[in-house]
């Protein structure tokens with residue numbers, strides 16, 4: 001394969017959920033800059049329109065629709081819209097949408113449990129399931145789940161959130177094996193604290209940021225573009241032999257054990 005084709009998404013199609021903020025927006029822009037035609041969604045029409053106008057002004061080929069990914073019939077409508085936009089074929093599915101409620105396990109309500117599960121896990125499973133025919137029809141498919149290091153190690157971000165992310169990590173491995181014969185690769189990206197709206201309130205607290213940084217070997221919080229670059233790579237032809245992997249983007253957090261500088 002020619003080098004330029006290995007590092008290009010020209011002619012490819014992509015669906016990115018939750019693409020108007022944070023990591024999702026960075027992924028939309030990254031894929032579009034590599035040449036992909038992208039469709040994304042948001043629950044907020046005004047926010048979506050503002051993004052679409054901005055992308056158009058910057059020469060990026062992006063379309064969009066309103067969708068609450070936690071609602072089953074809206075997910076089905078989203079896939080129908082993507083199918084119509086891309087003539088029944090989809091090369092890339094990025095399951096990015098997510099939410100969280102931070103509180104002790106004993107304080108969660110059944111409604112909060114259902115909301116986090118339906119948004120983070122059920123949406124990703126169902127969208128992958130109903131997008132499968134489109135991914136298979138494209139001849140070369142790639143799914144990327146946006147998980148979290150909370151699915152790998154304990155964080156105080158909440159047990160339900162961690163459970164959904166751990167499930168995504170295993171779903172990645174299962175689909176990678178089950179759908180390999182359909183030429184669909186499945187991978188997962190697990191970020192640590194990234195500057196997004198999901199955690200912006202936390203990152204406004206100096207003591208919290210200092211605690212995060214103290215456990216992060218690279219000594220800082222991550223940027224959305226540092227996640228989207230890996231997501232894009234996992235969709236490129238250059239990554240064609242990579243599947244079933246859960247890759248942390250965490251500044252070294254998950255490999256940081258105990259260290260203590262001994263005084264002479």
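Cβ coordinates are placed from backbone N, Cα and C, and glycine is handled just like the others.
Taken from Swiss-Prot, the feature NADP(+) binding site covers 15-39, and the record attributes it to similarity to another entry. In three-state terms derived from DSSP, residue 15 (NADP(+) binding site) belongs to an extended strand segment.
According to DSSP, residue 148 (substrate binding site) is assigned to coil rather than to any helix or strand. Marked as substrate binding site by Swiss-Prot on the basis of similarity to another entry: 148.
The DSSP secondary structure for residue 161 (active site, proton acceptor) is helix. Contacts of residue 161 (active site, proton acceptor) defined by a Cβ separation under 8 A and a same-chain sequence distance of 6+ are given as 100, 101, 102, 116, 120, 148, 150, in order along the sequence. Taken from Swiss-Prot, the feature active site, proton acceptor covers 161, and the record attributes it to sequence analysis.
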Tell me, if you would, which residue among 15, 23, 27, 31 (binding-site residues) has the fewest other CB atoms within 10 Å in the structure shown?
15
Taking the Cβ of each of the binding-site residues and counting other Cβ atoms inside 10 Å, which one has the highest number: 19, 35?
19
